[in-house]
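Peer 1: First the structure, which I've put down as structure tokens, then a few questions once you've had a look.
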Amino acid sequence: MALQLLTPSFSFQHSPSPHRLTTLRYTHHTIRCTASAPSYSDLVGRRSANYKPSKWDSNFVETLESDYKKENHEMYIEKLMGDVKHLMKKVVNPIEKMELVDTIQRLGLGYLFNKEIKEVLNTIATSKATFKTKKDLHAVALQFRLLRQHGYEVSPDAFHKFKDEKGGFKESLCMDIKGMLSLYEASHLSFQGEVVLDEAREFTSTHLKAIEGNIDPVLLKKVRHSLEMPLHWRMLRLEARWYIETYDEEDRKNPSLAELAKHDFNSVQTIYQRSLKRMSRWWRDLGLGERLEFSRDRLVECFFWTTGVIFDPQFERCRGVLTKVNQLVSTIDDVYDVYGSLEELELFTDAVDRWDIRAMEQLPEYMKICYLALYNTTNDIAYEALKEEGLDVIPYLKKVWTDLCKSYIVEARWYSNGYKPTLEEYLENAWTSIAGPVALGHAYFSFGQKMPFEALNYSNTSSLIKWSSMIFRLCDDLATSSDEVARGDVPKSIQCYMYEAGVSESVARDHIKYLIDEAWKKMNECLVPSTPFLQPLINAGFNLARMAHCMYEHGDGHGFSNELDKKRVLLLLAEPFKFM
């Protein structure tokens, strides 16, 4: 389903109605309010998710401080960057050049060397004699992965050379652990219908799980890491942290690269800390966490989500916008899923659809402050887009919020009526209700460049948003559906398939994992950008899917985070690399 833009008809001019509000005033098209404390006398009959308080309080955020000061290392960092650029020119061997590009990217340094990486890949893509031999499995697989990852048109037919006369991959390949690992990673960038890559994935995963003998410990570590989750599915900033530590263990590491990666990670971490402090103050001033006690207060978790989706340091404004959106989505989701009655939710959905401050008059007290927070924050975001890029984005932002609330109300009606949707019916609504289109839509207009509206209706863009959101939804369902159904929520994808196909939960879970694989294939086809300016959105779409795997890999990392989730937050936001 393509996102359709509304005809711009929204006006910032409204006649406010201060009904039952203590204070109401406009500030730059924004309404600030304090509402009388909501009554909880009607708690009887309302559901509860029993969410625990966040592991992170404002004191943790405000005391975040890194000893690392980039200004103290500026000249050294410039020298290291010069060393790396010189190295990229010095290396002549095509395989070594590709390995260097791969290492730079995995260390989290790709954004610093975009121009140089593009030059290398252009040379490789246009050279008909990149390799004198096509028998090097590692080289062929690495070339395929890098080119496809960067949007070049590349065929997987080269892998047929590694098959025997019976049509299967040669058993002799099992001795080449490095090549097998490269093929395994490359297989996760497949498109639908690329059977050879499906076969490659099955072949490599089976044999890599069974490796034994005297194997290089660093290579073995990489194999186990990839089998746990392939690189293409991993949250890239956490992956950079892991790879920096792993690269340190390699005998052939380049000292300049290793040093630069640590300095860059620490430098970017200080940017994240500054942004998180600003977001924490915004959330505290907004007051929703205190007013709506039934909802999840997950500001740090939302910021962690955001850094996974938009991690390049230059997109600080976009991270701020997306953090606000993520926390509002989390709150409104709890209004629909946990607290609101069907009658109240119908009113709230109508109010969002109208996008008029007067629509608040019909809402109960707890919804007024929620609606006003949504209205104000969205208008603030739109004001920045108008001021910085000259774009009136209100019609589009209103559209994605309305679509989200309408998808929520569909699920609320299903729950109220005891209706069990088919899997297809559920997913057609659920890829919207997971809020991926809201997140990516806001991100698109916050990258700091003038983005054309019509690009959001390109088939490639619509497909990216849908399949990224679908992966998000299915990963969420695998981790959270049991708890949500136990508290009386609408059946999720697992339960829908169980009812429809008459299978066990275990079989249904395997089917959902299969759907995730298929969604990745469809999304991989979006790697080729129709226009260059869409690249930040393409990156964000893929990173949204990666964050879904990260957050829901070991349970509900958003609603009920565990010690592993806590450790990940600390690694990304609080623990810099130490220098001797």
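Quick reminder: no glycine exception, Cβ is built from N, Cα and C everywhere.
What Swiss-Prot records for 1-26 is transit peptide. Per Swiss-Prot, the feature (2E)-geranyl diphosphate binding site maps to Arg296, Asp333, Asp337, Arg473, Asp476; the stated evidence is similarity to another entry. The Mg(2+) 2 binding site annotation in Swiss-Prot covers Asp333, Asp337, and the record cites similarity to another entry as its basis. The annotation Mg(2+) 1 binding site is assigned in Swiss-Prot to Asp333, Asp337 on the grounds of similarity to another entry. Positions annotated as motif 'DDXXD motif' by Swiss-Prot, on the basis of a curator's inference: 333-337. For Asp476, Thr480, Glu484, the entry in Swiss-Prot reads Mg(2+) 3 binding site, with the evidence type similarity to another entry.
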Peer 1: Taking the residues the record says bind (2E)-geranyl diphosphate (Arg296, Asp333, Asp337, Arg473, Asp476), how far apart in Å are the two Cα atoms that sit farthest from each other?
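Peer 2: Farthest-apart Cα atoms in Arg296, Asp333, Asp337, Arg473, Asp476 are separated by 19 Å.
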Peer 1: Could you give the mean pLDDT over the motif 'DDXXD motif' (333-337), rounded to a whole number?
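Peer 2: Summing pLDDT over the motif 'DDXXD motif' (333-337) and dividing by its length gives 94.
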Peer 1: Least buried of the binding-site residues Asp333, Asp337, Asp476, going by other Cβ atoms within 10 Å?
Peer 2: Asp333
Peer 1: How many Å separate the Cα atoms of Asp337 ((2E)-geranyl diphosphate binding site) and Thr480 (Mg(2+) 3 binding site)?
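Peer 2: Computed Cα spacing between Asp337 ((2E)-geranyl diphosphate binding site) and Thr480 (Mg(2+) 3 binding site) is 13 Å.
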Peer 1: For the binding-site residues listed here, Arg296, Arg473, which shows the highest count of neighbouring CB atoms within 10 A?
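Peer 2: The largest 10 Å Cβ neighbour count belongs to Arg473.
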Peer 1: How many other Cβ atoms sit within 10 Å of the Cβ of Thr480 (Mg(2+) 3 binding site)?
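Peer 2: I get 19 for this one.
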Peer 1: Pop the Cα-Cα gap between Thr480 (Mg(2+) 3 binding site) and Arg473 ((2E)-geranyl diphosphate binding site) into the table, whole Å please.
Peer 2: 10
Peer 1: In terms of DSSP three-state secondary structure, what is the assignment for Arg296 ((2E)-geranyl diphosphate binding site)?
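Peer 2: The three-state answer is coil.
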Peer 1: Can you tell me how far the Cα of Arg296 ((2E)-geranyl diphosphate binding site) sits from the Cα of Thr480 (Mg(2+) 3 binding site), in Å?
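Peer 2: Arg296 ((2E)-geranyl diphosphate binding site) and Thr480 (Mg(2+) 3 binding site) have their Cα atoms 15 Å apart.
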